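Take a look at the structure set out below.
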Amino acid sequence: MPDRAFRPGDSPGSNQSGGASGGSGRGPVPAAHPDRWYTWALRRRVLGALVCALLAFALGRTAVGTARGQGMDTLFMESAIHWSDRFGGVSKLVTSLVSLPMIVLVGVLIAFFALIRRRRTLAGRALAVVLGANATTQLVKWLLDRPDLHVTTAIPNSLPSGHTTVAISFALALVMVAPNWSRGPVAWLGWAWTALMGVSVMVSAWHRLADVLVAVLIAGAWALALTPIERRERHVPQARRVMAVLVLVLLVLALLLSFAALRGVDLVAVATPGASGFGYSEFLAEHAWRARLLALAGTAWVAGACGAVLHEVDALCVNRS
């Protein structure tokens, strides 16, 4: 039987084809507010897409166009680079997964899930998320110019991260098309995969923190705009609540660690652009404890942002209860 979405007006007791009879066969099962769940999900979807777009714009503008933004962004990346000796092998493995064979494999999985659900248009939406997010990332990267504000070593703009966009857009597309029995696990696996990718490109010195976060937000805006609102039986719906709690904990932890590590630091005064590294290597060498806190904070920001976007897209499939 096709795995169709519930539409406005469907009650929990009705069948998926919109029939009037419930399980007892005694006629229609009235619903006091049959459209309330759909209205709530629609508002959440629109608000989420707008928030992602606005945050991406504000973060990109601050991280690229202001001295303090450039400094803070670079400081997070240089702190993560300190992990390269310990996790460099893992980072290389993770980043190498963004390859043509992997892209083909994920495309086949998206088509397979859409096929078994008998929803070709859903495959089209998922493909649009992948293409739209990656095209937007490349367009923004081409349009943005990173001015030399004499805070960090002068290098071309790298915002947003292409590797991160590929990873998060594929994860979101798979969540969109996944059947009800696998949507939760796919969201969790996608969370782990995208968080690892985001941290890996920082450890490898390919991208700064804002590059990763803006990529996640761009993909999130596309996914929230195109993911259909559905009402289906969810397997282990508690897993989504656990994800929400973990995301909140990660974001609060990231905020606290960032505040502790940056407290009392004049980002412009301590910068040494061109001397070595990207502008803050000497400062971090003298304050190793700040480097450790910033590396942990950057990891928490990336994991929290990836989890938040995946959770919001997953939440558009409302549990039928």
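Just so you know, glycine gets a Cβ as well, placed from its N, Cα and C.
For 123-227, the entry in TrEMBL reads domain 'Phosphatidic acid phosphatase type 2/haloperoxidase'. Across the domain 'Phosphatidic acid phosphatase type 2/haloperoxidase' (123-227), the model assigns an average pLDDT of 94.
The region 'Disordered' feature in TrEMBL is assigned to 1-29.
According to TrEMBL, the transmembrane segment annotation covers 46-64 (among others).
For 93-115 (among others), the entry in TrEMBL reads transmembrane segment. Long-range neighbours of the transmembrane segment (93-115) within the same chain, counting only residues 6 or more positions beyond its ends whose Cβ lies under 8 Å from a Cβ of the stretch, are 122-123, 126-127, 163, 166-167, 170, 173-174, 177-179, 196-197, 200-201, 204, 206.
Under the heading transmembrane segment, TrEMBL lists 122-144 (among others).
Per TrEMBL, transmembrane segment is recorded for 164-181 (among others). Counting only same-chain residues 6+ beyond the ends of the transmembrane segment (164-181), those with a CB under 8 A from a CB of the stretch are 3, 98, 103, 106, 109-110, 113-114, 116-117, 119, 122-123, 125-127, 129-130, 133-134, 137, 187, 189-191, 193-194, 197-198, 201, 207, 211-212, 215-216, 218-220, 222-223, 226-228, 232-235, 306, 309-310, 313-314, 317.
For 188-206 (among others), the entry in TrEMBL reads transmembrane segment.
Sequence-distant contacts of the transmembrane segment (212-230) (same chain, six or more residues past either end, CB-CB distance under 8 Å): 5-6, 38, 41-42, 45, 48-49, 52-53, 55-56, 59-60, 63, 122, 125, 128-129, 132-133, 136-137, 140, 159-162, 164-165, 168-169, 172-173, 175-176, 194, 198, 201-202, 301-302, 305-306, 308-309, 312-313, 316-318. For 212-230 (among others), the entry in TrEMBL reads transmembrane segment.
Note on the transmembrane segment (242-262): residues 72, 75, 187-188, 191, 290, 293-294, 296-298, 300-301, 303-305, 307-308, 310-311, 314 of its chain, located 6 or more positions outside it, place their CB under 8 angstroms from a CB of the stretch. TrEMBL lists 242-262 (among others) with the feature transmembrane segment.
In the domain 'Phosphatidic acid phosphatase type 2/haloperoxidase' (123-227), the DSSP tally of helix, strand and coil residues is 76 helix, 0 strand, 29 coil.
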